[in-house]
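Going by Swiss-Prot, these are the annotated features:
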{"type": "ACT_SITE", "residues": "86", "note": "active site, nucleophile"}
{"type": "ACT_SITE", "residues": "181", "note": "active site"}
{"type": "ACT_SITE", "residues": "183", "note": "active site"}
{"type": "BINDING", "residues": "235, 236, 237, 238, 239, 240, 241", "note": "ATP binding site"}
{"type": "DOMAIN", "residues": "9-207", "note": "domain 'Glutamine amidotransferase type-1'"}
{"type": "DOMAIN", "residues": "208-401", "note": "domain 'GMPS ATP-PPase'"}
């Protein structure tokens, strides 16, 4: 029997917090389904979602600003527990009769200690240490506004030396506010506080597990598609790979995958995909060799944004050409869209933020094929997709490979993209990755790759002078790829990689290491 994984559900309202997606992931890690919606959600939408509990996220605005976001009044009449985090706590206070002020002497950014001064189901028996018989929580604060008086029927549960209302509660209505961020790892007991709210106070059941998700998706595909045929663009990345396997388990030979070799892939990528999917997994795959077509289109193009758009447009055109030959039999187009793509796409429609780079995962495939769309992963985060991949029997090394951008080497070769440059870069990148594996560092860094720079440098090989290309190595460590630190790889390791690249690859005279964080730099160079 397939369990209903959506029986228990938490609704998280986004007030603009940089940690909003992380908050969703933390709840799902508890085995409970939840969704992130905009703060201005309507009463009808809340009723339709029917949450067991509601969490109000933090946000960058001041609650004192005119027209600053407010929660729907219905939230406080829905009869379910509510937890306000940072800004979410402050809007609860204002909307229910409390007061908020901005006191520069009481603002807190970074580490703080919350002293628990009253018993509450939210924090009972949860502490990092005890001082004078009082439990203490080590937390992460990020606020300028402060509550100066709490609403009627609320009590103070916790305080810091500068914030007298760090945790507040209305136990009768099960309304709670915390001034700190439980979703970040810096708040040591954040997991336990969220667990207490979600599982105990909201009485949710933990049915959101990788195996249950897998079985539900496969069953849903069978019901949705039936005996009809599906076409999928297969890239070899995690999302399209897991999508292909879910469809394969659900509809078998009725799935046809299209793999486009654009000449911008990693070393032996195309042959590895053919080996894994066609021979080992018996998927029906159409292979399209299009290297010459992509390189011709990229000839003379130096602007990175233009390169991204050309690669995306050409991929879409070639996919459409191949898919049209299947439209007599196929009625569905599958995509490996994941939940962050949906969230970011929705945000972009209302955001005034400047586009830093074109995103290569959203809206990339043609909508002119008159095929129905199926997106099996659209409710999942990347870490959930990987866990489902393991449930499907896919190898760990395939699922946990470092991210590879949609435009491929096209944005790791700075300037014009040529075949000989792709070959140089592939070899350098392979050496870097090989040595990371040998040193057992590959899974300790979040992403690592080589970049071919558009400059030449003088070198000496034996008694001869050479004037050849420069490679930059890039390795970063990150949790969410929104921010990243450069990896402090040892000098000995970097020397080993540099020597191998220069000695083994004809055409490289110098290797440098990128020590830029994000921000100010982006992870990819283009």
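Every residue, even glycine, has its Cβ placed from backbone N, Cα and C.
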Just the number: how many Å between the Cα atoms of residue 239 (ATP binding site) and residue 183 (active site)?
25
ATP site, defined by 235, 236, 237, 238, 239, 240, 241: further same-chain residues with Cβ within 8 Å of the Cβ centre:
234, 242, 243, 336
If I take the alpha carbons of residue 240 (ATP binding site) and residue 183 (active site), what is the distance between them in whole Å?
29
Where does the residue listed as 'active site, nucleophile' sit in DSSP terms: helix, strand, or coil?
coil
Chain-internal residues near residue 183 (active site), provided their CB is under 8 angstroms and they sit 6+ positions away:
19, 22, 23, 25, 26, 85, 190, 194
Tell me the Cβ contacts of residue 235 (ATP binding site) under 8 Å, same chain only and six or more apart in sequence, or just say none.
259, 336, 406
How many Å lie between the Cα of residue 237 (ATP binding site) and the Cα of residue 86 (active site, nucleophile)?
37
Within the domain 'GMPS ATP-PPase' (208-401), what mean pLDDT does the predicted structure show?
86
Position of peak Cβ density within 10 Å, selected from the binding-site residues 236, 237:
236
If we count other C-beta atoms within 10 Å, could you say which of the recorded positions 86, 238 has the fewest?
238
Please report the DSSP secondary structure of residue 183 (active site), reduced to three states.
coil
Which residues does residue 181 (active site) neighbour through Cβ under 8 Å, counting only same-chain ones at least six apart?
19, 58, 85, 86, 139, 140, 141, 142, 187, 190
I'd like the number of other C-beta atoms within 10 A of the C-beta of residue 240 (ATP binding site), please.
19
Here are the binding-site residues: 239, 241. Which has the lowest count of other Cβ atoms within 10 Å?
239
